[in-house]
Structure formats: C-alpha cells, structure tokens
Amino acid sequence: MEIKLQEDVRDCGLSIIESFYQYYYGSEIDVNLLKYQVNYGSQGISVSEIKNLAQKYGIDFESYKVSFEDLLSIKNNEKYVAIINNNGLQHYVIVVHRSSKKIIYLDPFLGKQKVTYNEFSKIFLNVILSVEKGTIKDISHKISTNIFESIGHSKWSLLVFLSIMLGIALTFISSFFMKILFDNIYVLNNLNKLLTIGIIFSWIIVNKLLNDFLKNYLVIKIQNKIEIEISENFFRKILEIEIQDFTKLNYYDYLRRSGLISQIAEFKSKFLFSIVNELFTLTISTIFLFFISYKLFLITVIATLVMFVISISFQHLYLLKYKKVLSDSMLFSTNSNDLIFSKKQALNNNSKKYFLRRWKMSQLASESSQYNFVKMNLSKTFIMNFVTNISPILIGIVGVYLFSNSEITIGNLLMYLSLFNFFSSPFLSFSELITKLPLIKKNIALLNFVHNFKTNGTENNYLEVQKIKKIQFKNFSFGYEKDKEILNIKNLSINSSIRLSGYNGSGKSTLLDIISGHYPRAEFFINDSNFIHLNIEKYRDKIFYIFPNYFFNNASAFEFITFSNPEYIQTLKDNLEKFDLLDMLSNLRLDLKTSLENNAVYLSSGQKQTIILLRLFTRKFDLILLDEAFENIDVENVKKLKSAILSYQNEALFIEISHNKNFVTEGKEIDLEKISKT
C-alpha cells in the first residue's frame, strides 16, 4: 500500500482517504474535491468528519479508544489508522506492519516511517480507526478546472506567431552559410565575393537576433498580463470567500499557492508558442535532413528517439520525487515561519533550542529531498549530454565515409551537422513539456481550489438593508465541525444594545463572527429578512467589528484608520478636535504617522486597540460589535473614548463582550450560556 502525501498542512486525514481509495478501487480522487466537502476545526479534520466523508467514497471507518497494549494485540499486518500527536495537533497515520520491536506506519507528511514501540507509545493518542471496503455513494460534487481557460492570450499573440515563423526561416537560411562557403571554395577565391557573402549572412544573423529579441519581449509582456490577471483573481477571491472555507487552508498554504502564480503564468504564456515553434522546426528540419542524406537521417532519428525515451522514463521518477520535495518544503516553510513569528517569545535557551531544532530538522529533510531531486536531474542530464555529444561524432564519421564515396558534399555534411540540433531539440522540448505538464496541472489545481470557493450574497438581486434595526435567531444552531455544536439558540431577539456574557468557550465571539457576516450560509434574520438573502457586502459596510488579535498591515496608523479615503480623513480630523481626542493620543504617546510594520510590533496593546477604535470616528455605523475592545487601555482614556464613541455613534446598535465589564452602553445583559443549550 502507498501513502498519498498531503499537499497542505492540515490535510493528513484527506490523504488517508485518498490512500485507501486507491488501495481498494485502483484509482485516484482529486483531494480538492474532498476538501470542499469537509469542515475544519481547531485540530484540523475531526474523526466524525473523516468517517462521514470516507463513507461517501466506499471506505468504512470505525473509531475505537484503545490503550497502547490493546494496539499491540491487533493482528499483525492488519491495516488500520492511528491518531498520533504531531507538534500538538492530532495526526492520522496508517499502521501497516508490526515486528517484534518496531511499528511501521505510513505518514501523510513524512512517508514511510519505522519506529520502536517506545517511540510510538509516546505519540499515540489512544484512538484507532478500523477500515473496511464499503459501497461508493453517488457523488455529484464537481470541481471546475477551467479557471485559467478564461484568461485569453494577448493582442500580441499574432505578432509572436509571425515572429516565430520569421525566426525559423532566418535560422534555416543562415544554416546555408557553411554549405555555400565550402561547396564553392574554388569559385569564391575573390575577396569581394567572400565579403559579399559574409555581409549577407551577417545581415541575416542580425535580423534573426533582433527578431528573437522582439519575440522574447512580447512573450514577457504576455506572461506579465497573465500573471496580473491570475494574481488579481486569486487575491480578490481570498477577500471574498467565507471564513469557514478560508480556514480550510492555513496562512502558509495561501502564501505557497501565491508563489506558484509566476511559474504558472510563465508556462501558460510559452506553452502554445513553444509547441508551434517546435512543430515547424521539426517539420522543416526533417525535410532538409532527409533530402541531404537519408542514411545520416536514420542515425539522427535513432539517437533522438533514444534521448526522447530516456527523458520520458524520468517523468514518473520526477513526479514521485516532486511530491516528497513539496512535502518537505512545506514543513520547512512552516517551521521557518514559526521561528520568525516566535521571535518575541523565544527568549530563553530552551525555547530557542526548541525552535532551532525543529527548523534544523525540517531544513535537513528539505535539503535532502531537494538534493535527491537534483541528483536525479543531473543523472538525466549526464545521459542526455552523452547521447547529444556522441551523435554528431557518429554522424561526422559516417558523413566523411559518405563523402569519400561521393554520396555527400562537404558543404552538405557541415550543413547537416548544423541542422542536427534543430531536429533533436524539439523532441527534447516535447519530453520536457510532458514532464512539466503534470506538475503544472498539479499547481493549477492548488490555485483552482481557492478559485472554486463560493462567494455568496454579493449579487445585485440580493436584498439590501437600509438600516440594521433588529437581529433575530430562531432555532439556530452552529458548529465548525459536524456533530460539534457551539451554539444552539431557540430564540434571541436583539433590537437594542446588549452585553454578552458567559464562560470562555460558550460561543460569544462566534456569535459576533456570525452577526458580522463571516458565515454567509448562517440562517438568522436581519429586520425580519433571512440573512442568506441579503447583499452581504453592503450589509458588512454597515458594521464595525473589533476583536482580539486584529491584524495590522504595513501602513501608517492614519492610513490604517482611514483607508486613505478623503471623506474618512476629514471626518476623523473633525472628530479628533470635536471630542478633544488629540490630548488622549498625546497621553498614549501615539503618533498617527507611526508605521505599523510587522503587525505593529513596536506598539503596546492599548495603543493598538486605540488605533482600531479610532475607525469609529471616520463614519457612522448601524451596528458596532466590540469584543474585548478596551481591555488594555488605561481607565482615564477608556472613559474619554467611551464618551466620544457613544456621542458620535448615537444611533448605532451595540453588541459588546468584556470580561472586565468595560462596556460603552448600559445595554441588557444576555447570558449566552443560558440561552444556548448544546
């Protein structure tokens, strides 16, 4: 049995389903198809989600809580899934064999692993899943794979094709230089004739170089256009998808996908042009070489086919190695980012050693897999270079023999040797395209996964709320994962400002996320209209929402607050003076020209919260959601801010959470623990 290596950090469970599906049914599933149908929790994909999804694909999992001793009593060579601890996260692996001292398991991240009983017992989380072949259910879910087909070629495409044709013509014309020179060596004994021929062919070469420059310039322009379009689509999509879909990938996965855009754009811009160029080159060179000498042409065909077969034979090895490179690179990238972002907390030697050890191990694994990949490529290059260099020697030897028998002129032989690469080069290009195409398709599939996410509620025919006056929940339930409800509200009506209370984990922040529009498929009511029928973009424009761990982009504080909107800028300036907030900023030692680089790492928590709250003075809002908004601001400045907010946002509906009772309004207190029974 083979393990399918995971492509994203949180997808070990999906790799398990992929692997068993191929094991039982002999075919592959698109992992992106699986990702669309599953919900992710804080620990990745739960056991219940894995079981329900696998059942659709004819794989029956049954989970059991067992001790390590019980695990050792399972029949040897019986395949089952075990859940292990992987850096604090639950991780699915397939146990395939057990010897007297060691356990062999297939890890979606690391591949085949062999560990001692003692090592496995330390990471085993006492849960296994038995597995049996079931019955495949009807799966109607499909994924569009034509995202990039809509991106057409540039207006320069025709000019590039013409340039290719001209380039091929000039290349073949220039190859006649040696033939004319040596076949007419006795006739061309006049210096003027030699200079004339030299000037003519030099002019041809100059035109060829200028044409190549123009062609390459145009191809780069087309590549840039495609890259811009793909990038705009990709990043706009990230901003539009719902949060529940967004969390199916982590930040590293999105960054990795964005890094593929340039590679895909380059391939797409050159693919068709390369095919056309190589086909015409191959056709014309075949005609020329065959008519010069069919005997030499036979040697050329044999040598070229050998190179083509060698190149193709490496394709499968490339794909296998590439998966390992991708997996190790993903782990190295994750640990590198963890090390960088943990700088502030890695103060003592133990924490430094911990982060450096994880980084070093992943670096060595990544370097090793890349080295093996490069080594295989070097082996291929060595073999190809050997065949490429030995072929002209063989052709030269046979050619001289044919010349001695008057079957070929010396000029034709030299011309043949110069045209040899024009015949072999297309075959090598085709083999390279065949090798690269599956990898490019894989990378396109990674981007397609993001592009296929749904965006709801932005169409013109959706309802537009004029003013948010009432929010109501009726028989409402919500959970990030199947069978794990966080909220279960029978009835909650909000038509005036309220304060939410309840123990940690009772769902207060989740409720604010829902009300803010993070989950467009959630069914509750705004002014008696079902939320799923609203134009969500216009609804969100009416809401201000502050929450813990707010991200600060690289901009000045003033730009962050106003979004560089002229109206917001003027309103903020007016309100800072009107409510005497400039003195407060001075007391906080907060300059709005301050750069917020590195997520505002140089600002205190109170300064950060103040900057976010100042957005409340740029325009009026219908609904203001405050989640621990004042917890780190000193008492005196909190009073001033509250008074100013309440005065300016006097028509807004407030929903507040504060463990320290720092509320803006005197609204009714709602105990979420009491009204939400899960």
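Every residue, even glycine, has its Cβ placed from backbone N, Cα and C.
Taken straight from TrEMBL:
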DOMAIN    6-131  domain 'Peptidase C39'
TRANSMEM  158-182  transmembrane segment
DOMAIN    158-439  domain 'ABC transmembrane type-1'
TRANSMEM  194-211  transmembrane segment
TRANSMEM  271-292  transmembrane segment
TRANSMEM  298-320  transmembrane segment
TRANSMEM  382-403  transmembrane segment
TRANSMEM  415-434  transmembrane segment
- Segment proximity, the transmembrane segment (271-292) to the transmembrane segment (158-182), 3 or more C-beta pairs under 8 Å: yes
- Task: Could you give me the DSSP helix, strand and coil counts for the domain 'Peptidase C39' (6-131)?
- Result: 42 helix, 48 strand, 36 coil
- Message: Need a quick answer: max count of Cβ pairs under 8 Å to the transmembrane segment (382-403), which of 194-211, 271-292, 298-320, 415-434 is it?
- Response: 298-320
- Message: At a C-beta cut-off of under 8 Å, are there same-chain residues at least 6 beyond the transmembrane segment (298-320) that contact it? List them, or none.
- Response: 289, 373, 376, 380, 383-384, 387-388, 390-391, 394-395, 398, 420, 423-424, 427-428, 430-432, 434-435, 438-439
- Note on the structure: Sequence-distant residues near the transmembrane segment (415-434) by C-beta distance (under 8 Å, 6 or more away from its ends) are 171-172, 175-176, 178-179, 271, 274-275, 278-279, 281-282, 284-286, 288-289, 292-293, 296, 300, 303-305, 307-308, 311-312, 315, 384, 388, 391-392, 395-396, 399, 408
- Query: Looking only at residues six or more beyond either end of the transmembrane segment (271-292), which have a C-beta under 8 A from one in the stretch?
  - Reply: 153, 160-161, 164-165, 167-168, 171-172, 219, 300, 408, 412, 415-416, 419-420, 422-423, 425-427, 429-430, 433
